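Database features, via Swiss-Prot:
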BINDING   490, 496  Mg(2+) binding site
COMPBIAS  704-716  compositional bias 'Basic and acidic residues'
DOMAIN    556-615  domain 'KH'
DOMAIN    625-693  domain 'S1 motif'
REGION    695-716  region 'Disordered'
């Protein structure tokens, strides 16, 4: 009944297995990949014909994590998986980016790739396994896919590269100074296709070394998929790339001159309008059959690409007049919004980001529910890209995959320089509103985010800047690396290479490559140019702000104290009674962690002090010999019970009340009276012994021996 194909190798200290032929047999390609005890299933289906008139490649990738994979039940009212989490969205993009360029040019049939996590051992991250499963499923499906690809995760600990560090290592990346890198790489046997990384100020050489290490480490996986496909692959889909040479030749002859003139215009919107006019002029001269040709859009793109790329490769200027290494003009401003905690407006050429920072308390932290368990994040970065930023009318609504991905890239770039939570106990939310875009808006978010946080008073370890690099690589081997690319250079170029970091090193690197043939020499040149660009941008940013400002008057103030964990119950009280009383009485917010760290927040410093004192009176131990203010709560024949130091009671013996003989305490005291008492010690049962006669009841100071003797003599 089943025709099972199964292959296994030892890889990175674990067994990697690929299996097909038993599950999801009606899919065009189905593979279950297992690393350790983490199993991921990838299923590929594709349409056998393109939709009429379709001029793009409709590839859809869905990565989904099932809670049962880790033995968990989903939260929420319905107790089932719902909309994709941020992790699922980011992993979908991680799979999509390296495979999309490897489909044969001209293939426009719809392709659907669904990747599902079936089992998670809480050791091996499922994203790498998912990419391997997806690659294998595509390779055996028969779809015109020029893979396979491999994938690997690279860490950097103790000066050594580490293959596929486990979940715990990556979760503790920020707290562990030895573990300084989380890099995911995907590529074919001969070329790197995609890099995504989070780093802690690594040098360009260290980052390049990590890419080389990862590409070499994935080779056994690629060889395994090839061997696997030789036994399990379906018949290749009969597809021949469309021949549109005649159509392209006609488009070029009709409109190359006008199109070149359009690309010579330096302002983006004027250039876009001129390009649209050139296209319209060409279309006006084409026949109905040529206008209906689904390859017309491809012919236009080829013409535009040849103009932009040819001018750069042949030593001419870029479309905005710059050479290959120049960064566009930069203007940085801070404190642009009066009531926010921190704000910055970062403008680089025709790309602009308005970035706002808000400081919150512990209750504002984001709770992340993942397969490996719940966690909390005190740093949030949200990126918004409205249609008006590119002068268009378009969809407006919740953030899409692109916005989530760009926001996470900026998050990775900035989180490496955040102060430790123990030093800066705030939740930080950064929002980047892209108000203009002509390339590299995510890197503008990094620059604006750094300035905005410093404007809010966040003591960053160092300012961070980012720059997007591009590449033009021709078939004859000529190439050019471009600094600070425009939108058209990204669209028509061969590489999008984003690098962010401080003066000391790289904090984030993202690379997407559309062609094979990217050599280590090209990558080294791109990193060197990116460093020069980053240093220039940091210099321009420092003109606006070079270090953290003082706190905004509108930001909450936070103080922390640490109490013994066995005292947490006393501070909370039965059913939360005590903590509610503290909050209501003081007016401050109080957040208690399981480790005994308490954060007290308010805009009013007096409220913070009130809450602090109330908590301290509960958890602190009274010290022998110290003087405290108390209240008489009960009088008995042998003395007075006094409540002091919060909820504590002690006995003042009748002989310790006054410097004279008393027959009953009510001769000098009454219930409810405020008194000053000295803690004399503890009896054999641990009961508190207090004294009054050695304390001046007016000043609260201890009576000196000579004064005491005079008082006793006077009484005699």
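From the backbone N, Cα and C atoms, a Cβ is placed for every residue, glycine too.
Counting Cβ atoms from all protein chains shown, residue 496 (Mg(2+) binding site) has 21 others lying within 10 Å of its own Cβ. In the domain 'KH' (556-615), the DSSP tally of helix, strand and coil residues is 32 helix, 16 strand, 12 coil. Annotation note: residue 496 (Mg(2+) binding site) sits in a strand segment as assigned by DSSP. The average pLDDT the prediction assigns to the domain 'KH' (556-615) is 91.
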